[in-house]
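Worksheet: one structure, shown below.
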Amino acid sequence: NGAICIQRCSPSFHGEMSFVCEDRKWQMFADACASLDVQSLFQPVHGKPGHGAKYFGADDHGNSSCQADFSCIIPEILSSPAIPGNIADIVELLKKISLLLSENVNRGKMQSYIRIANHILNSSIVFNWAFVRERNAVSILLDSVNLFAGKLLLRNGSESIQEPFISTKGYSIHKNTSGKRFDFSMEFDNTGNITGHVVIPEEELLKLPKTSKAISIAFPTLGAIIETSRLDPGFVNGMVLSVSLPEELRHILLTFEKVNKLENVKAQCVGWHSTERRWDSKACTMKSDNISSVVCICRHHHRTFKSFSILMSPATLRNAALDYITRVGLGLSIFSLVLCLIIEAVVWHHVTKTEITYMRHFCLVNIAMSLLIADVLFILAAIVHHTALNYQLCVAATFFLHFFYLALFFWMFTLGLLILYGLLFVFFKITRSVFIATASSIGYGCPLVISILTVAITEPKNGYLRSGACWLNWYETKALLAFVVPALSIIVVNVVVVVVVVVKTGRSAVGEGCKSQDLRNMIRISKNVALLTPLLGLTWGFGLATIVESRSLAFHITFALLNAFQGFFILLFGTLLDRKTREALRMNCLSSKRKCSLAK
């Protein structure tokens with residue numbers, strides 16, 4: 001019954017997939033036709049595929065216009081509206097064609113296939129892709145087109161087939177061919193055309209053992225469709241270029257004209273990972289970038305990386321003021337932290353005479369050291385990313401950056417615990433060696449465990465790094481939560497500690513004679529925590545806001561200001577505004593003057 005139905009009925013793509021039969025007596029099979037898998041459209045009535053079998057559209061005598069190029073289904077498809085239900089059906093149709101009818105792909109077959117694909121790649125219906133039920137439909141379409149085009153037979157050594165929104169070109173290549181170039185100029189939308197170029201370098205062609213073929217496909221609207229389908233958070237800023245090459249050829253040169261030619265927009269070369277269905281920056285490195293175009297060197301792999309483009313990621317928003325604030329602020333932060341450590345070294349013996357003050361300054365030194373190393377790593381991570389030195393280096397930089405930023409917060413947490421210890425365990429004293437071991441376990445041990453677990457869980461899935469920066473991923477794996485959750489939790493705990501101190505000292509002032517040395521030290525430490533905790537919380541609160549609202553320049557500038565000046569805040573509130581530290585510095589200066597006078 002299925003075979004008879006396929007002969008007698010034709011597809012109607014108006015609305016959901018349905019069939020209209022040529023005669024009323026066949027209408028009883030309409031429901032059966034509609035329930036058939038799309039693959040059934042291409043099953044033969046007699047014989048096997050490729051042996052003159054009757055495909056969809058054959059008449060009772062076995063004559064078929066679809067045997068050669070399945071052109072009989074094109075009028076119905078092109079006359080149908082490209083609504084979400086139809087888009088999904090056409091994608092499935094193209095997938096089945098690429099799997100079942102990819103033998104002897106001549107020019108006629110390729111033209112029919114491209115005409116069908118062009119219908120759902122039209123720039124006027126991009127928004128309809130947002131409502132396609134199958135979220136991976138656009139990735140399936142890309143894989144299907146790449147598979148089918150890769151089987152294209154070349155006449156006289158070359159072939160070129162173009163529709164407004166998809167174009168295919170192919171050339172015969174061998175090791176004596178000079179560098180082969182594919183040039184595309186296609187309509188993006190009503191505003192005009194964009195261009196793209198694929199070049200196979202001569203040194204790559206020398207690897208060919210025999211004459212082969214190279215196929216390239218250009219999609220001017222596919223990037224916008226990927227964005228609309230919410231398959232990847234990156235903003236594509238050029239056409240998508242696919243290539244089908246012999247396995248011996250691994251590296252190609254691609255030039256993309258930018259759609260958005262704003263000067264402050266940073267471009268990133270990427271390849272589409274066909275198994276993970278996302279843009280991957282590891283596939284390409286940038287050779288040059290100017291206001292109108294980008295040149296990328298990309299690694300072709302026949303299973304994973306066959307399609308390439310450029311991204312304009314909001315996460316890598318570039319602004320002259322933002323860059324200036326970050327550079328100046330980081331410079332001031334590093335200078336402040338170095339000065340803080342020098343001052344602590346100078347006054348150490350004067351300010352660490354009691355157990356409590358020793359513990360306070362020990363925590364402060366480790367806070368300053370952690371942030372100083374994190375600031376230096378921040379600069380190194382930027383250098384590693386911008387020069388595209390090595391993916392492993394970027395992972396290493398991110399790991400240590402994550403570790404030392406966490407260490408900063410866990411040493412703040414240790415400072416908060418120190419306050420509680422001084423207030424609540426008055427008669428329980430711990431030795432310096434026990435404190436150092438306990439504090440180091442919290443300050444460095446906890447960050448180390450979190451950092452190792454984060455990289456161990458997310459890196460095997462290629463979800464550790466965010467696209468466009470040496471820092472934790474947010475969009476795919478939410479690895480950034482391994483920093484945000486501990487940091488914000490510590491801030492909340494330290495705020496509670498400050499409240500406890502206020503309540504405790506208030507009661508002490510009324511009835512307990514609160515002028516003991518230890519209590520005064522606790523109050524001094526609490527002031528440090530009370531000032532630094534909100535500043536750190538505010539800083540990373542704006543850091544989280546830059547992820548949620550990544551296009552807001554105001555959030556980026558505020559975060560850059562607060563983040564860059566954290567070192568200065570630690571110097572100011574942790575060292576310079578501390579009375580005991582200032583007195584120790586004054587004594588040290590007077591002592592130095594006396595020594596100088598005696599020497600003279």
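Placed from the backbone N, Cα and C atoms, the Cβ positions cover glycine too.
Under the heading domain 'GAIN-B', TrEMBL lists 174-318.
Summarising the annotation, TrEMBL assigns domain 'G-protein coupled receptors family 2 profile 2' to 322-578.
The transmembrane segment annotation in TrEMBL covers 328-351 (among others).
The list of residues near the transmembrane segment (363-383) in space but at least 6 beyond its ends in sequence, with Cβ under 8 angstroms from a Cβ of it, reads 330, 333-334, 337-338, 340-341, 344, 389, 394, 397-398, 400-401, 404-405, 407-408, 411-412, 414-415, 418, 439, 443, 469-471, 528, 566-567, 570-571, 574-575. According to TrEMBL, the transmembrane segment annotation covers 363-383 (among others).
Taken from TrEMBL, the feature transmembrane segment applies to 403-427 (among others).
What TrEMBL lists as transmembrane segment is 434-457 (among others).
The transmembrane segment annotation in TrEMBL covers 480-503 (among others).
Annotation source TrEMBL lists transmembrane segment at 529-548 (among others).
Feature annotation from TrEMBL assigns transmembrane segment to 554-577 (among others).
Helix, strand and coil content of the domain 'GAIN-B' (174-318), in residues and according to DSSP, is 17 helix, 69 strand, 59 coil. Tertiary proximity for the transmembrane segment (434-457) is limited to same-chain residues at least six positions away from its ends with a CB under 8 Å from its CB atoms, namely 355, 359, 362-363, 366, 370, 395, 399, 402-404, 406-407, 410-411, 413-414, 417, 464, 472, 479, 482, 486.
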